[in-house]
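Annotated features in TrEMBL:
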- 1-23: signal peptide (SIGNAL)
- 53-244: domain 'Aminopeptidase N-like N-terminal' (DOMAIN)
- 274-494: domain 'Peptidase M1 membrane alanine aminopeptidase' (DOMAIN)
- His350, His354, Glu373: Zn(2+) binding site (BINDING)
- 571-887: domain 'ERAP1-like C-terminal' (DOMAIN)
- 913-934: transmembrane segment (TRANSMEM)
Amino acid sequence: MTLAEKLALLVLVTCACAVVSTASPLDPDRYFLVEAEPRAQLEDYRLNDDVWPTHYDIEIKPYLEQEGNKAQFTFDGSAKITVSTQKQNVMQIKLHMARMDISAWSVTRKSDNTIIPTLPQTYDQETQILTLPLSSALQANVEYVLSFTYVGNMDDDMHGFYRSYYWEDGVKVWMGSTQFQQTHARRAFPCFDEPRFKATFQLKINHKTQYNVYSNTAIVGTVVAEVGRTLTTFGVTPSMSSYLIAFIVAPYQINDRDGMGILARPQAQNQTQYSLDVGIKLLKALEEWIDYPYASVAGMTRMYMAAVPDFSAGAMENWGLLTYRETNILYRSDDSTSMQQHRIAAVISHEIAHQWFGDLVTCEWWDVTWLNEGFARYYQYYGTALVETEWDLDHQFVVEQLQGVMQMDSLRSTHPMTHPVYTQAQASGIFDNISYNKGAVMLRMMEHYLTTETFKTALRAYIKDRAFKTTRPEDLFSALNRYDPNARSYMEPWTIQSGYPLVTVTSHDTGFTVTQKRFLVNEPDHNEQTAWPLPITFATKASEFSITRPAFYTGMTFEIPMQGASDVEYFILNNQQVGYYRVNYDAILWGKISKALHSEGFGGIHVLNRAQIVDDLFNLARGDVVPYGTALEILEYLKEETEYAPWLAAVNGLTTLSRRIHADDEKLFAAHILDIFSKAYDIVKFQAPTATERRIFTYMRQNVLQWACNYGHEECSKAAVAEFHRYHQNPSVKVHPDLRQVVYCEGIRKGSTEEFEFLWNQYLTTNVATEQILILQGLGCVSSSELITDMLNGIASPHVRSQDKNNAFTYVINNPYTLPHVSRYLQQNHANWAASHGSYTNVASAFNNVLARLKSDSERDAISAFIESNKNILGQAAYDSIKSGLEDYETNKQFTLRNRDEIHEFLDNKINGGAATILANVSMIVGLLMLVLAR
């Protein structure tokens, strides 16, 4: 049987099993989060504040295999919750539970164990709120104990207390781990599952003796519970929110030193040293920066970080037991790329920062998630930079975070940082780029305004003020205002208003007029009057780009006076892109900027402002603010660019543009790509990194090689294919990790079934999760219809873990030639895809990702016909989602047609115009200079 036949059979068998599973993929309770529309009154999703918990005693007894009448992947649980009220006439207690069967419950007065008479409980499946009616009112300021005995489920959806597995010597080893954020602690024990309900917790786990167990705090006792089982008791936690509790039941091993330990499956222990080393350094650096020692918190005597094979998030900041996807913590220098090492350090810094910003001081509700995640994302870069000092993380922050979130925030569908949420789906959805990226961007803006030392002092005071409490934005603003009375008035509008401004600069003899208007990329002619306090800095020469402390301006229009304004070499707003806005200039100023960029040393324009100009031009052209011809002419300067940040901005812009290039212009576009990347390729060369090169130069090489090979650079392709063949013939000598992505991709794209089967086998046998991701990226470059089908069958099979399926699919469809085959595959195999991915919502997502890249009306029509004939199978939510995707296809098509002539003219003149092109470029610059002289 061939590999293709094995994969197809495996998909069919797996999906057939999934259909009859007791935890069906289409179970509406299990997959509640896919339902966007609330099915109850919004206020009913929130608990009232009648009763508050102060302490939980929890005991969990998991069954990772069937034991007598105990079903596999269930657990017995008991919970005792100490509660009280400050109100009169409280006749019921409301709290959360989900996916469990409560066999008994009671309410007793803690002081004397008096049983409080109760009435039958009620449960709302939609809000997951359990109501316990009482026969008489609770007494104010008296402690009561809620007691529960229950049976829970260890599902495989990576939420709650769930099951995972790994392979060891061909044997499947089951384990249990947790993920409670945002609303899943209620699946492990009944609880007040909102961040504001802080309490202390003491956990006991009754486990098979061959398993090790771990939780937030250290083990304080172990006893033999019964034959073959141990009862392990953990220390009492600090006062904390329910979503931060964590525990693991697994035969893990630990690599520990100096109060830090890395937990992993035994065969991965040789991948834990870097994360241990950098984790120790980051913890020390961050606790010194924040001036609040981690170990000063009672119960936090050590920090464990665990690598979990199946993990829905990238990582989780559970206090004292941080959990990670394996790719975000396990590292081997001979199998992981430089970027993967960077990712590991950054994610560890993010999660360690949460020990203060999230654990010690916790957002009061998910509507202000940015108070947790904005800080963690900020320290993901600037905390890591305290330890890894040679990585130019400040440069990467601007392009990856600030410019990255601008894409989402330029759409009408965006939302403010502080934004109401009620349902589980809404709570999950608020964990997006607005809360993370934009939150971090606002903190960076305020740091530059206040100065780093004042910013640090204010945050130290904020942490001490709010320790063991919850927080709202006004608490942060109050801390900042102590050190600058304008801080709140400058920052708050950015947190409560959607979007960001486009700032337009026009020049005159005595200065510059600046106007602001919200930037909506698809609505350039809107009439909104939203205004922001604008942090303004500017540069007219190289030495001025270092001035990053802004002055704030309010109002829709204002003046920046300047003697001899018309004589400056250039005028560039927003030094090092500290402010969160785009900038457009009049023709005179764009002409000056273009001349500087095309001159030696780019006219001294700072590298981050070059990245800013690149990103702004792509997006201003996309938003019909600057003509595409003008933008692309200025961006020709990239042929001389040698820095990573502008090239990363360019790659982001070119990726979007490539999807909108008219199909008939793709050859011209490919020639354009090869031209602008030509010198960059000659600089980086097809070679492994040298010991002395800058880290971001290594990252730049990866981007340049990928684009060069993708667009047919002959030397790049030959080198990559030759290296793949060498590896194929001698797998014991591996490809350098920083070349693997392009080597694997090109080897598969130019290869046959033999090369595909070889690399797929490497995927199945490697012990390194980061290598698995590199292989999936390479396998996504399949080019024949048969191998595309094999790859999609592989994604749908159990060989690709649930956490990796969506990324693996994206690697395939990022190669445009796969799109027609993928579309037909989904139409023919939709039931298998739904079963293997969890629901028909995932089928809809797959179709929509195809439609976002598709340029074929016939394929569009086939998808439209498919959903009409399968509406009942898809379900209303999936059907409506794909209908929306079809509308977006039409919008994208109209964009392509609207801009085609201008883009085609530029490409045709450049590629086919020869000397005429040079003359046209000179004429443009001369014309702009004549305008300058005329002024």
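Any Cβ shown, glycine's included, is placed from N, Cα and C.
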Least Cβ-crowded entry, counting other Cβ within 10 Å, from the binding-site residues listed as His350, His354: His354
Non-site residues, in chain order, whose CB comes within 8 A of the mean position of the CB atoms of His350, His354, Glu373 at Zn(2+): Glu317, Glu351, Ala353, Phe357, Gly358, Asn372, Phe375, Ala376, Arg377, Tyr379, Gln380, Tyr436
Cβ neighbour count (within 10 Å, all chains shown) around Glu373 (Zn(2+) binding site): 29
For the domain 'Aminopeptidase N-like N-terminal' (53-244), mean pLDDT (0 to 100): 97
